Amino acid sequence: MDARWWTLVVFAVLPSLGAGGESPEAPPQSWTQLWFSRFFLNAAGYASFMVPGYLLVQYFRRKNYLETGRGLCFPLVKACVFGSEPKASDEVPLTLRADATADSTPSWQILKLVFCASGLQVSYLTWGVLQERVMTGSYGATDTSPGEHFTDSQFLVLMNRVLALIVAGLYCVLCKQPRHGAPMYRYSFASLSNVLSSWCQYEALKFVSFPTQVLAKASKVIPVMMMGKLVSKRSYEHWEYLTAGLISIGVSMFLLSSGPEPRSSPATTLSGLVLLAGYIAFDSFTSNWQDALFAYKMSSVQMMFGVNLFSCLFTVGSLLEQGALLEGARFMGRHSEFAFHALLLSICSAFGQLFIFYTIGQFGAAVFTIIMTLRQAIAILLSCLLYGHTVTVVGGLGVAVVFTALLLRVYARGRKQRGKKAVPTEPPVQKV
């Protein structure tokens, strides 16, 4: 391997992990505090559940347990391993968005649109501001003490998933849902990738600024197109290449013109970019796996419940194995401000997902994408105002180019699909 590549690898893992925030982090005391070590420890914890579970599923399938099984455990094994095909009379038909809104007056539609846009903006703008505060700020600071930094991203993921599980469970109980037919174990794959993508997202904020993270999310259309071209031999239209090129130009303008963040270094920046790449990769897998699961005709809230159920199991098990669950609880006990921030963060994430489902069901994916694109632009502005991130004029123009390109993609895709028969679609569950 070329010496330059070894240099990059060394930079990525050097213990300069205290970038960003109000005060510098203390140097790591052991290898377990390095981000890549924590990542592999978490992954090993998830594997300790996934591997035995996979072997059990294969065992029950080889034994043809569905035909020969009996006893008290039979319903549980059937639901987890085999699932059940819903009866025609049990299915809740998916209605077209046009039918649902045909009898509504324009004034009522405007009010619903304002409600959806306001709910999404408040939920996810608050979520973004709190995310940066929790991961980069200190708690318990006094005149004589710099306070403590919260460092366990996995504990924060667990809190988000627990509340989302409760909200989805209550929704399923209170509102009629289709008869569930998917084998429960199939949710575990989306749960695993979702937990890892969320962990990478939180962890990346220790190394790169929030505006950089938002732009990285916005530009994930580029690797998606590259993978589609190389792996699936897909062809794209001219406007898709044009907007992808504009996005890459805008991101380059922002990254090259903006000065370094306080206390950042090439090592921490590269670590942040590696984590953002991990976030994009895991998040892409989550969306694709969820799309395949929707073949079972489930509702979005059922998907939300199944994914978050396994996410809670994985994160609780991993935290217990590492002895970190009580440590996170003690941190909450020491700092009531952190407990409030974590709770509010979880509330915004859980109810934001419900706003996603409702907005797409009422107005379609195009309107939802426009609202969320504007939300990302506002989030960058808020982060710069609240946390003092510096953006030059050229960097600001780069941000404008990125979001203009994203809106152009929505417009071009809408024109392409105009005149086609509307089909009911289910949105991906996790959007943050």
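Cβ from N, Cα, C; glycine included.
Unlike curated records, TrEMBL annotations are generated automatically.
According to TrEMBL, the protein has these features:
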type     : residues : note
SIGNAL   : 1-20     : signal peptide
TRANSMEM : 34-57    : transmembrane segment
TRANSMEM : 110-130  : transmembrane segment
TRANSMEM : 155-174  : transmembrane segment
TRANSMEM : 239-258  : transmembrane segment
TRANSMEM : 264-282  : transmembrane segment
TRANSMEM : 303-326  : transmembrane segment
TRANSMEM : 338-358  : transmembrane segment
TRANSMEM : 365-388  : transmembrane segment
TRANSMEM : 394-412  : transmembrane segment
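Between the transmembrane segment (110-130) and the transmembrane segment (394-412), fewer than three CB pairs separated by 6 or more residues in sequence fall under 8 Å, so the two stretches do not touch. Taking every recorded stretch in 34-57, 155-174, 303-326, 338-358, 394-412 and counting its Cβ pairs under 8 Å to the transmembrane segment (365-388), the highest total belongs to 394-412. Sequence-remote contacts of a segment are chain residues at least 6 beyond its ends whose Cβ falls under 8 Å from one of its Cβ atoms, and for the transmembrane segment (239-258) they are 211-212, 215-216, 218-219, 221-222, 225, 390-392, 394-395, 397-402, 404-406, 408-409, 412. Residues 211, 215, 218-219, 221, 237, 239-240, 242-244, 246-247, 249-255, 257-258, 366, 369-370, 373-374, 376-377, 380 of the same chain lie 6 or more positions beyond the ends of the transmembrane segment (394-412) yet place their CB under 8 Å from a CB of it.
Within the same chain, the transmembrane segment (338-358) packs against the transmembrane segment (155-174): three or more Cβ pairs sit under 8 Å, each pair at least 6 residues apart.
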